[in-house]
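**Student:** Sharing a structure with you now.
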Amino acid sequence: MDSTASGTPAIQFHNIVEQPISLIPPLQTFQCQKRQCFGDSTPGEFPLAANPYIVLHVLTGCDLEPQDIAKLEASCLQSALINVTCSFFRQPANFAPDTELSITELAALDMCHKRAIFKPMTLEEREVLKQRCGGSWKLVLRFLLAGEACTRRERSQAIAGPGHSIAVTSNGTVFSFGSNSSGQLGHGTLEEEWKPRPIRSLQGIRIIQAAAGAGRTMLISDSGRVYAFGKDSFGEVEYGNQGAKLVTTPQLVESLKDIFVVQAAIGNFFTAVLSREGRVYTFSWGSDMKLGHQTDQNDIEPHLLSGPLENIPVVQIAAGYCYLLVLACEPSGMSVYSVGCGLGGKLGHGSRTDEKHPRLIEQFQTLKLQPMVVAAGAWHAAVVGKDGRVCTWGWGRYGCLGHGNEECESTPKVVESLSSVKAVHVATGDYTTFIVSDGGDVYSFGCGESSSLGHSTGPDGQANRRTNVLKPELVTSLKEVNERVVQISLTNSIYWNAHTFALTDSGKLYAFGAGDKGQLGIELVANQTERDSPGKVDLDLN
């Protein structure tokens, strides 16, 4: 745990071991309900009411989805038996400390207690979160689970930054390697690293999320603290005058000390962070109200992203070159908002105009698609829906939208050639897109520069590693490693040749693409600057 974390109040779980359970409890102990039986049977005691603690334990232990828990409360008129059952799940369970909560609400609350970002919250903070999510612990659980699924929070992850790389193990240890001209590796030096090296100064601090930009890195601990190193700036770090000071070891971002942060996203002109309560804050790029606030470009203070999202909890943020995508968790379902530069139609509103405040992308309602994961490339964007469909929009150069051409799309459009694939994850870069299916297969399309697509050979067996791909193609080189891929990360910068990471469910990491600065974590042969087929990085992230 982060040594800077505040004290955590004791949590009472409604666990089966906390109260002795008699298999045949005395009738006077519980107020038993009656059920109606079919046929000639005599109505008897309703077994769930006889010992609701068992029901609570089962619901909590099975890790049911929030929507499954909600179904137990749904009113049903098919029979008197089912109607009594639904009534049982809706009525107050009479458990301390809140005797008015139903069994299903208590189960959802207990599952919230298992989440690392929920545990340190005070009772007041939890109540605020509950109201922001819609007034139900089931909705809070949905909010927490959605955030974990989008960002691999509290799980292993690999980040392919511009020229350098960050890898986080499942226990929160951080490794970095690659370019280090600004100290962005965090080792206290400016020397490149060609092999993954742990950041020693973070020993004892569990990191749950990482973000990498041009010349800088941000890490987030399980206590919501943000550590930054590299160029001392939050915007235009590569070709601006900002960031003259170099920070070579992780330092706490003081301006965020009062905000419990769970995710960071780095664009070219700005940085955004997401709080535990689902609020979005941005740094820099405040001139001309670019992100809803009027500030100097060198401003290092976080500003709440004003507009419609102030009262809607956000589960994921994704930063492109000059725009921000936001995945929001509303009581009616998931939705996507965008803000920033609209050039190329990448904001998804059917036009190319800028948006100074977050604006809802309405096309997903027309498509009847429930967004679950968002990705913001440099100039194009993508979303994976709950049903596994993939939508892309923005600048279609090199075929990065996957529609078989290089045309721009100003509203989200379903990638029809993936109709037989159920996608669960998407990653975007500079005119490049990757899709991961529920079976762990990987598809890629777009710009073929620096071998970052992974297509070392074409269908005819001929080398085509630099060929642009206009429609999704299976990355057969990853299929051959016989590992189920769960995450793809690729360089999202217009200034660096791209490299790509593929993380498997067993914790193995494979890399391909540009490796001239050691960012692949794999030693290349003499005069080699890139790798066209996946190579295993000597690092176990589980």
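Even glycines carry a Cβ here, placed using N, Cα and C.
Annotations per TrEMBL:
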type   : residues : note
DOMAIN : 155-490  : domain 'RCC1-like'
REPEAT : 172-223  : repeat 'RCC1'
REPEAT : 224-277  : repeat 'RCC1'
REPEAT : 278-330  : repeat 'RCC1'
REPEAT : 334-387  : repeat 'RCC1'
REPEAT : 388-439  : repeat 'RCC1'
REPEAT : 440-506  : repeat 'RCC1'
REPEAT : 507-542  : repeat 'RCC1'
**Student:** How many helix, strand and coil residues does the repeat 'RCC1' (440-506) contain under DSSP?
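**Tutor:** Residue counts in helix, strand and coil order: 7 helix, 25 strand, 35 coil.
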**Student:** Test of understanding: applying the rule of at least three C-beta pairs under 8 Å (pairs 6 or more apart in sequence), is the repeat 'RCC1' (388-439) touching the repeat 'RCC1' (172-223)?
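**Tutor:** Contact absent: fewer than 3 Cβ pairs fall under 8 Å.
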**Student:** Give me the DSSP three-state residue breakdown of the repeat 'RCC1' (388-439), ordered helix, strand, coil.
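**Tutor:** The repeat 'RCC1' (388-439) comes out at 6 helix, 23 strand, 23 coil.
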**Student:** What counts of helix, strand and coil residues does DSSP assign across the repeat 'RCC1' (172-223)?
**Tutor:** 3 helix, 24 strand, 25 coil
